[in-house]
Amino acid sequence: MSDRFKIIERLFNFGTFCLVLFLAIYVPLNLESDTGSDNTVEVMESVSRESETSIFCKNAAVATDSTLCSSLGKKILKMGGNAVDAGIVTASCLGLQNFHSCGIGGGSFFMVYNGLDDQTFINCRERAPAAASEQMFVKNPENSTYGGLSIAIPSEMACLAEAHTRYGSLEWSVLIDEIVTLLENGIIVTTIQEKPLADHAAKCTNAEMFFNEDGQIKKAGDVIYNSKLADTFRKIGKDKNAFFKGALGQDVVDDIQENGGIVTIQDLTSYKPNVEIPKNIDIGDLRFYIPSAPSSGPVFQFIFNIFANFEKEGVLPVDQLDFNHRIIEAFKFAYGKRSALGDPKFIKNQTTLEMLANLPTMNFAKQFADKIDDETHPLEFYEPEFEIVEDSGTSHMSIVDANGMAVAITSTINTILGSKMIGKRTGIIFNNEMDDFSTPGVSNNYGLPPSPSNFIKPGAQPLSSMCPIIVVDKNSGEVIFTAGASGGSQITTATANVAIRTLLYGDGMNEAIQRARIHHQLLPNEIRKEDRFDLNMIKELEKKGHVYYNGTGRGAVVQGILRRNGLLEAVSDVRKGGKPDGY
């Protein structure tokens with residue numbers, strides 16, 4: 001090569017380097033400005049990464065806790081699919097990548113926004129089988145967490161099928177083929193999956209796929225092949241309703257009953273998702289779409305509304321100590337109200353039903369915002385009626401497509417590896433959702449009785465912390481915010497925390513999600529913090545009367561998308577190691 005061409009090549013490489021440096025440094029900084037011009041967007045690439053966990057997109061975005069599943073969601077969007085198509089594939093993908101937390105052996109909440117005149121909440125929470133009863137776990141409470149009796153009617157596939165029937169644009173078989181391909185190639189164990197496998201694989205039935213030939217439990221980098229589940233998805237690919245009927249439906253039931261479960265083919269064939277228009281709440285120019293109970297959508301909105309009332313009255317806390325104190329107090333009031341909730345179809349107490357109807361309103365929240373001062377108070381001040389039910393597990397995904405459709409989906413099998421029952425015919429890991437119900441006759445350590453609203457009843461759905469949220473501009477209809485979380489009872493507080501910081505304080509989504517968080521659920525009456533939360537702040541909160549639980553752990557994992565300066569900021573929570581994607 002001549003010297004002249006070497007010089008040209010070096011100049012070209014240097015120019016390319018400068019351009020990449022400009023996009024990596026200047027563009028994210030420019031996006032932080034509230035006065036950024038849309039003209040900048042026109043000359044940008046369609047995607048700019050602020051960090052490994054954050055991406056800015058011009059057209060569409062996918063945020064999950066799995067890098068692979070986020071990329072697969074983007075692939076579906078680029079193929080011409082809409083947000084629902086991408087959601088179906090992404091949710092199914094997460095059931096493989098996060099097999100210890102979610103999958104078709106569990107249930108989900110599926111929120112769809114398709115404009116100001118078209119929103120749908122598809123509730124596919126698991127239900128108690130027809131043979132279930134309030135007293136079934138009184139003598140042997142451990143049966144609600146492990147084994148066949150802990151399995152509620154698996155229902156996630158009902159959500160995916162219903163969403164596709166209503167909104168899908170690509171052929172169902174095309175979507176499911178993507179999942180079959182993943183299963184045929186095998187699932188690579190991640191560092192996130194390694195510990196759940198180490199702790200629980202030996203407790204599972206039909207768990208050969210979790211072990212290497214030498215009998216050792218598989219570790220990060222090893223590959224899991226679930227050929228039975230691949231066969232199950234092939235059957236589902238041919239008929240979106242196959243899970244609930246015919247030969248596959250019978251296989252599902254046989255797998256459950258073989259392990260002592262009481263789910264019948266009648267339970268399965270009669271399962272229909274609850275489909276409704278989600279409740280909407282206007283606050284300023286924002287319109288919130290929230291899922292109804294037994295989700296914790298109303299509880300999320302109550303927490304947010306307390307801070308919205310602070311803003312309305314000009315007393316939104318700006319000092320970090322004041323913020324943390326007040327959000328803890330809001331959490332405590334919220335969980336006091338949550339203690340009375342359950343499946344609305346089975347709540348008989350009229351006072352509870354009235355409270356549930358008022359819970360997400362600004363006027364109701366104002367009563368409690370006015371009670372929050374600079375001190376803590378005795379337990380009864382927060383009006384708990386019943387014990388606090390804890391749930392677990394889950395995975396969340398948020399997607400916005402190029403046409404403005406948005407989905408927010410939260411999926412679960414409850415605790416790690418659910419019931420520990422793996423179907424030998426289907427390869428499905430089944431839930432232990434029966435543990436999310438309350439059992440009568442046993443008060444908790446604080447003397448509070450279990451909530452009758454959450455007792456086991458045939459066909460009832462247990463209370464859940466899951467709360468997939470979508471927020472839009474009520475005038476233009478443009479999606480502004482969508483988020484949700486995994487992490488059991490911390491889901492609701494974490495999602496509310498992120499919404500408050502972004503929508504009321506103006507934080508970016510990445511800043512709000514990655515910030516260390518605290519949690520309080522009233523019972524136990526103590527602050528729980530993440531390892532990296534400032535201990536000095538905890539000491540200041542203790543001076544106000546708060547009690548600190550001196551333990552360790554990871555907080556809830558939030559995935560979300562925020563519209564900023566005409567771009568979609570998609571964020572995957574660093575706590576679980578995933579990355580968002582989009583274009």
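Cβ atoms are placed via backbone N, Cα and C, with glycine included.
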Joining Arg125, Thr412, Ile413, Asn414, Asp436, Ser464, Ser465 at the L-glutamate site recorded in TrEMBL, out of Gly87, Gly148, Gly488, Gly506, is Gly488
Give me the Cα-Cα distance between Arg125 (L-glutamate binding site) and Thr394 (active site, nucleophile), rounded to a whole Å. 12
Distance between Thr394 (active site, nucleophile) and Ser465 (L-glutamate binding site) at the Cα atoms, whole Å? 10
Expressed in angstrom and rounded to a whole number, the L-glutamate site built from Arg125, Thr412, Ile413, Asn414, Asp436, Ser464, Ser465, Gly488 spans a maximum Cα-Cα distance of 15
Would you list the other residues of this chain near L-glutamate - those whose C-beta lies within 8 angstroms of the C-beta centroid of Arg125, Thr412, Ile413, Asn414, Asp436, Ser464, Ser465, Gly488 - in sequence order? Gly106, Gly107, Asp391, Ser392, Gly393, Thr394, Glu433, Pro462, Met466
Thr412 (L-glutamate binding site) falls, by three-state DSSP, under strand
Neighbouring C-beta atoms (10 Å sphere around the C-beta of Arg125 (L-glutamate binding site)): 28
Including all protein chains displayed, how many Cβ atoms other than that of Thr412 (L-glutamate binding site) lie within 10 Å of its Cβ? 32
